[in-house]
Amino acid sequence: MVKQQDWSVTTCVLLFLFLASQIHCRSGIHVSKRLEGSKQGDGKSGDTSFNVLRRVLSPKEKDLIKKLPGQPSGVSFRQYGGYVPVNEPSSRFLYYYFVEAIKPNTSTPLVIWFNGGPACSSLGGAFLELGPFRVHSGGRKLFRNPYSWNNEANVLFLESPVTTGFSYSSNPIDLEELGEKGDKATAEDNYIFLMNWLERFPEYKGRDIYIAGQSYAGHYVPQLAQIIIHRNKKTLVNLRGILIGNPSLLTSIQDPYGYEFMLSHGLMSQQQMDNYNQFCLRDDLYDNDKCALSVKTIDDAKKHLDTYNIYAPVCLNSTLSRISKKCTTVLEVDPCSKDYLKAYLNRKKVQKAIHANTTKLPYEWTSCNNELTENWSENDRDTPMIPILHELMGEGVRVMIYNGDVDLEIPFASTLAVVKEMNLTVVKEFRPWFTGGQLGGFTEDYKGNLTFVTVKGAGHSVPTDQPIHALNIFTSFIRNTPLPHTA
């Protein structure tokens with residue numbers, strides 16, 4: 001009797017297991033078919049009773065650029081691009097493009113780069129100057145820049161202020177106030193961006209950080225550095241130094257050097273200079289009509305010049321070529337390269353790849369927002385940066401100011417005059433420095449960790465005109481080593 005009961009129990013258990021396995025098998029087939037159907041995408045509404053769980057990507061992971069359209073092979077470093085909000089509630093968004101160092105480690109510094117303007121895109125800095133790629137003449141393919149600054153650092157390119165490049169605001173009030181509060185608002189937005197970006201990329205919080213830029217970034221860079229210093233007790237940022245090229249620092253001193261530069265480079269006559277001095281500068285002989293005529297005569301000579309590099313050719317035909325030019329090299333400046341970049345960044349495929357223009361802005365990407373540039377506060381433009389530079393140096397922040405020697409917009413002599421206005425003690429006298437045995441320019445060191453550097457054969461955008469010199473200057477600065485003083 002007991003054996004019969006045991007057999008009955010055993011039979012029931014086996015029968016239960018058999019039925020359960022059949023149910024599981026059928027269920028598995030059903031699920032498999034659903035998955036297969038969803039992959040095939042027959043266009044019909046699917047069965048929503050089955051949901052595949054997916055891991056939610058972090059903002060950093062979403063910003064990862066898998067590959068740039070037209071990117072050459074052999075790229076080993078990671079790239080990111082995306083938007084970071086800079087106010088609450090979020091209406092202002094700054095766009096960034098970030099390239100990790102080619103050979104990164106946990107101590108590789110972070111460099112933040114700004115172009116000037118005001119309101120010129122730092123993507124110009126990325127793809128025309130110091131980034132890892134340049135754009136071919138067809139506006140579709142890229143080629144490598146072997147002298148990219150990510151040979152030495154992780155480089156973050158920030159499009160600032162808002163409405164520059166892909167950066168935007170959804171609040172019209174922001175745009176109305178920006179022209180009036182340009183410098184102050186921009187510095188605040190840049191700081192908030194950095195704080196929010198470091199939350200997205202926390203591995204860089206303890207890194208050495210440098211801020212760099214050119215032209216009107218002579219305002220952006222010191223002003224952002226000043227905010228960092230003022231707020232470092234609350235949120236520590238390991239700011240080590242600032243590097244500014246051909247910078248706007250003090251217009252009252254720098255502006256008059258333009259005509260002197262033209263005269264010394266054979267771009268105007270001595271008589272034209274004498275007329276200008278007589279009718280425009282002397283109170284006893286000032287004549288408004290004659291002054292205006294004098295200025296017009298001189299300025300007419302600029303029409304056929306690239307004032308950012310007086311020895312560079314000008315772009316005569318920016319028509320994109322179907323076949324990219326052969327033997328393209330960063331050592332040859334193509335005067336139409338801005339047009340190639342504009343065509344490249346306005347391709348929908350490119351914007352999707354770099355996570356830009358996600359809100360479908362009603363205008364195309366341009367290298368500068370000319371409307372904002374023209375409406376920028378004159379008071380801001382004329383504000384001297386000397387007091388901020390003194391403050392930063394007093395806090396132990398190293399400063400390097402470099403200037404191309406063929407820039408008419410901000411001549412090197414005008415920048416040197418600003419440095420002299422700072423009344424610093426010279427530690428090492430004006431002397432030559434070299435790259436590969438060739439003269440790279442001249443340099444002078446001052447007490448308080450300020451270095452001034454001229455760059456031979458470079459204009460307003462030093463990394464474009466002299467990429468090897470620019471990389472050597474940058475490397476020297478972040479390694480805190482002197483530029484080579486022997487050939």
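Glycine too: its Cβ is placed from the backbone N, Cα and C atoms.
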For the disulfide involving Cys315, grab the partner from Cys291, Cys336 as Swiss-Prot records it.
Cys336
What is the disulfide partner of Cys368 among Cys25, Cys120, Cys280, as given in Swiss-Prot?
Cys120
Please tell me which one of the recorded positions listed here (Cys280, Asn317, His460) sits closest to Ser215 (active site), measuring Cα to Cα?
His460
When the Cα-Cα distance from His460 (active site) is computed for each of the recorded positions Asn317, Asp407, Asn449, which gives the smallest value?
Asp407
Cβ contacts of Asn357 (N-linked glycosylation site) (under 8 Å, same chain, 6 or more positions away):
Phe166, Gln351, Trp365
Measure from the Cα of Asp407 (active site) to the Cα of every one of the recorded positions Cys336, Asn375, Asn423, Asn449, then give the nearest.
Cys336
Would you count the other C-beta atoms found within 10 angstroms of the C-beta of Asn449 (N-linked glycosylation site) for me?
17
Sequence gap of 6 or more, C-beta under 8 Å: which same-chain residues meet both conditions with respect to Asn423 (N-linked glycosylation site)?
none
